[in-house]
Amino acid sequence: MGQVFEEWQHEFTQEQVSDLNRDMVRTRADRIRAAMFPETLDDGSSFVSTQYEAGEATCVQKLAQPSQLLKEAIVMLIHYQDDVDVTAIAIPELIKLLQDNDRNVARQAAGTVFQLAKKEAPRHALIENPDLISAIVKVLTTNDDPETVKALAGTLTAISGSKKGLLSIFRCGGIPALVKMLSSPVEKVVHYSLTTLHNILQHQGDDAKRAVRLAGGVQKMVDLLSKDNAPLRMLALLTDCLEMLSFQHQESKLIIVSKHGTQQLIRILQHNADYEKLLFTTCRLLKVLSVETSNKQVIIECNGMNILGAMLDNLSNRVVMNCLWTLRNLSDQATKEEGLDDLLERSVRLLESNDVGIVMCCVGILSNLTCNNARNKALVCHFGGVQALVQTMLQAVERDDITEPAICALRHLTSRHEQAKAAQEAVRHGIPTLVKLLGPDSHYPLVKAVIGLCRNLGIGSANQQYLRDAGAIPKLIELLFRADGEMSRGYRDDDVEDGVVPEDVAEGSTGALHVLARDPMNRQLIRQSNVIPTVVRFLSSPNENMQRSAAGLLCELATDKEAADQIEAQNATVILQPLLHSANECVATYAAATMYRMSEDKPHDIRKRLSQELTNSLFRPEDLDDHYNNDEAIFRTTRPIFGMVDAQKAADKAVKTAGQEYEKKLRDYETAVKKQQEEERNIDEEIAKLEAAKNAKESA
């Protein structure tokens, strides 16, 4: 820097300054060319540099690199357009060569088209020419040369990378040809075909899915699932295609299970635990299949519950979520399955997750697997499930999709197994929240679940006061009156929420009040609420569960003389008399006990006859508890199926029907394709005639 400073401090004459300026102006163009277009300079040319510091570039030098990039981009654009134009000119000749009778000529033409399709610019020209794509599809259906088919299949795959290319393939009838190539012995051809079909299914919507199904795509893809040593990437594409084809389409689901595809999916999960993409697509397909009854049965029989449960420790969140949704869908049919200890433990542990979706699935799984299964109930209690479910309920009280299954699970855990009493005590601190959920803002499915849990809690004498102090009795009576009003006015099927009707709420409320009425103070509150006339009317219901609940509550209330007098004042004896001979043992027992308690001031012979009736009924309240409230799976799509033979017959019939419908649609589709091909041939002939006439005219 000091040297430069000294040079600038040197005194110049006016003549030297003028010469320096002339040199700078004369060599300015050379400096710019050297920086931006160095290839245009002559060898050995020199010019005056304006760079005085070696480490600091001049403004022109700083523009050198961007200028070079701009020049290269312009050159590429020129060449790009040239490539498009050249390809467009060559396409008509390529079409003729592809259809040449000489196999070698057709093979070389196919290879040329494939090489062009690999490059971006020529590929655009190929996409713009529907005649070429039609010719490719035609050759694929008629030419069996492996090399030709492989090159053209690769061409369609390259073209399918753009939306316009996908549309062209679809409109030119490429789907049947692609489905046909799924049976090719050449693995590369299968891979190209599957990739193209996958792209079409992703972007062309329902019409493309319908065309693939009609062409037999589902059957061909299911057959590929059992292929030995199939590449994992191909299996991932395969399962993703099947998921798109079977989503909300019953026939496709039935085809998959009838061709043993469901078993193959479970096998894939077992033997490919390290490839996350394949695990994700397979679990997502199983999630779709798991809402269909026959697929459910097969997955469960193949130990799918435990295999999916073991994957809940996977590091991929999307794999875990799809496993959980599948398990939730399956769990309502697996209520009698044994050996699900690890799954139950993992489900309890995952209740602590911050992911709402994970918690939602886990509460559903626990609710269904504890339905009528004493062993699973004991295991969940052992794993700390009661405390975890109560905490989940308290934290998600505003979310019915979590609260309802959580409460259903607690309802199952608080009855009919060895640890039920301990579970009732563990839920005690959640009673105030439960009672709030009985309010008018809650929908009936949630209300029904809360009523059932309150009833179970009331069986423990220590909880009676907690329920009373929380205001459970007024809430239950209000619900009973509300449901009775809706039953009297009538309701439409559209008003029913998830299958829960007002009768269910009325029966549940009556049953819960029956349990709470075992406490003297509770009996007094119930009697003072003027509910007895309504309950007596319920005795005439054609619903046996309603009769049982009403008779049970009246039996408990009749313990007090005042209540017994009110019951008799409603002419209940006339209604109770026929119920003594009810086929339902509980109804008959409660009716006899109620009449016996009402007859304390009656003649001795009447009391003796009722006493004998009661003895014959073997009245034991503790036994009746177990007959009152059976567990219920909450999954909305299908209910637990225990008659597997009937289910299999129904599935076989459905598969047969689906197959017949598919064959009819396929025949219609083939007829339409033949008609279209005939029309295309006629058009080709007309074009040929016109060209011949034109050539004759030109030669003349």
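Note that Cβ sites are derived from N, Cα and C of the backbone, with glycine treated the same way.
Note that the coordinates shown come from a computational prediction; the quantities given were computed from them, not determined experimentally.
So that you can see what the record holds, here are the features copied from TrEMBL:
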COILED    659-700  coiled coil
REPEAT    89-131  repeat 'ARM'
REPEAT    173-217  repeat 'ARM'
REPEAT    216-256  repeat 'ARM'
REPEAT    260-304  repeat 'ARM'
REPEAT    342-384  repeat 'ARM'
REPEAT    384-422  repeat 'ARM'
REPEAT    429-472  repeat 'ARM'
REPEAT    471-531  repeat 'ARM'
REPEAT    530-572  repeat 'ARM'
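When DSSP labels each residue, the repeat 'ARM' (530-572) comes out as 31 helix, 0 strand, 12 coil, counted as helix, strand and coil in that order. Distant neighbours of the repeat 'ARM' (89-131): 79-81, 83, 138-139, 143, 145, 147-148, 151-152, 154-155, 158-159, 162, 164-165, 168, 171-172; these residues of the same chain sit at least 6 beyond its ends, with a Cβ under 8 Å from one of its Cβ atoms.
Counting residues 6+ beyond its ends, the repeat 'ARM' (530-572) has Cβ neighbours under 8 Å at 477, 480-481, 484, 503, 506-508, 510-511, 513-514, 517-518, 520, 523-524, 579, 582, 584, 586-587, 590-591, 593-594, 597-598, 600, 624, 628 in the same chain. Sorting each residue of the repeat 'ARM' (89-131) by its DSSP state yields 36 helix, 0 strand, 7 coil. Summed and averaged per residue, pLDDT over the repeat 'ARM' (342-384) gives 95.
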